[in-house]
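Pulled from Swiss-Prot:
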{"type": "BINDING", "residues": "149, 155, 174, 176", "note": "Ca(2+) binding site"}
{"type": "BINDING", "residues": "249, 325, 422, 423, 467, 471", "note": "substrate binding site"}
{"type": "ACT_SITE", "residues": "327", "note": "active site, nucleophile"}
{"type": "ACT_SITE", "residues": "356", "note": "active site, proton donor"}
{"type": "SITE", "residues": "423", "note": "site 'Transition state stabilizer'"}
């Protein structure tokens, strides 16, 4: 047994409160090392005849990567206090693993109380909690300038005819909020129930990430009453809306920055920014990346903090928005985000806080900052396997597992899963315009825990390279839309919503990772219900024998996509590039 590979970190995603009473425990071992692990636990104050009263239960192996196995236990301490350790067993020995590391497994070790990990008290206030509605939300991301032109009188004077060319960086086409209002029937029919808008506040650019005034709607998009109408109509349809907050930086045309440019170190706003010297030049202040027109805000400054918090609360109080997506969230200090979380959650307890973070987001997902991050690290291995074909099926599965093991279960359940956005190549382009691959990838992503999002136009086959080509105008002429893709997305979204509880909370198990033939199978299970997925990314037909799946004969099996009943002895062909979803459940 390789002792150095055994890892458990208390007070982390390895040991946390799931719901204010239940504690989730994980431990990692070298892959294939441990035969089984026993979890030893009890109340630190409970003794019987002078001996600590301990409970023992087996742990379940829930995931594996190329190097490690992950084991899981769930306990409900009756007095909310927990003292615990692990007994790891292989072919040759039992070892005790606790706060002092690896120890011999014997009576003396078991009775040495300071060798045990502690979870002093399970506080509900310390429990990561996210809005329940997010678990049942399918998001649709809209880049407002390119979605629909509902009022030509709002369009910039230099706006080009809608969809007349592929966009350049500085082009305008006249998309606005009225265009979104006009298309709500379309969005409802598609099945999405959450709308994420990139910035809508006053700004000179088409993307609006260079904010002029956070308290006003950009005049080319509309006005407060039009936005109020949009929010009201969304809520009437049972749909949610999330806005984009750019609090890392502000636009260089903003009055605050212009005051600094004009007045230098005499400006009342000089401490709002990270300025190295005066007067301001092109290279003596911090900005987003190296973008001169996006000076970075100093969020440690109390005036800046109040300004930004007032903005966040204003749009909640005045318009009842449901969420904030936070741009460049990883470059803003944790102290500010903790204050932000407290302020907005106090104002609206079920508001959703989403951070734009392109790497592991665990430091922001501990319950006192964000509810979720844009889950690029989770979906990137899926894209690399299905679209790029640069990694194997097993490598993809291992990376997916590693990402899930790095998070708390309730955080994974509300993560923002996406395959493309305004910052990436479009999905179809990433798939080299192979629609089968795009469909398989979407079906795969929609089968995972988390809140799925599609980027506007994906459902009708819109393609596009990186920015600005990923920000094309939406196509509204039906004859120019891919209607087969549209019907596919409607069915995929409907299936996700139908099986939402299972796909959000259910256990993921990989059944088959055939790297040679590019054939994958995994299952999602919750209670007595199971969905079994098969993806054939190879070049030959694969056959699935239902008899060999050993499904309980009391359960009814059907093709979850077509809802066609199946028999336990059926054999189903999965064509190259296609997928199969089986549903098995006890008869109602």
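Just so you know, the numbers here start at 1 and follow the chain as drawn.
From the backbone N, Cα and C atoms, a Cβ is placed for every residue, glycine too.
Here the features listed in Swiss-Prot are painted onto the structure.
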residue	record	DSSP class
149	Ca(2+) binding site	coil
174	Ca(2+) binding site	coil
249	substrate binding site	strand
325	substrate binding site	strand
356	active site, proton donor	coil
422	substrate binding site	coil
467	substrate binding site	coil
Distance [Cα-Cα, Å, rounded] between residue 174 (Ca(2+) binding site) and residue 471 (substrate binding site): 13
Entry from the recorded positions list 176, 327, 356, 423 having the most other CB atoms no farther than 10 A: 176
Neighbour count (Cβ, 10 Å) for residue 149 (Ca(2+) binding site): 23
Count of other CB atoms lying within 10 Å of the CB belonging to residue 325 (substrate binding site): 24
Substrate binding residues 249, 325, 422, 423, 467, 471: largest Cα-Cα distance, in Å and rounded to whole number: 22
Those binding-site residues of 155, 176, 249, 422, 423, 471 having Cα within 10 angstroms of residue 356 (active site, proton donor): none
Three-state secondary structure, residue 155 (Ca(2+) binding site) (per DSSP): coil
Least buried by Cβ count (within 10 Å) of the binding-site residues 422, 471: 422
In the chain carrying residue 467 (substrate binding site), residues 6 or more apart in sequence that have Cβ under 8 angstroms from it: 169, 422, 423
Residues close to Ca(2+) site centre defined by 149, 155, 174, 176, Cβ within 8 Å: 150, 151, 152, 154, 159, 162, 173, 175, 179, 220
Most Cβ neighbours inside 10 Å, all chains, among the binding-site residues 155, 174, 249: 249
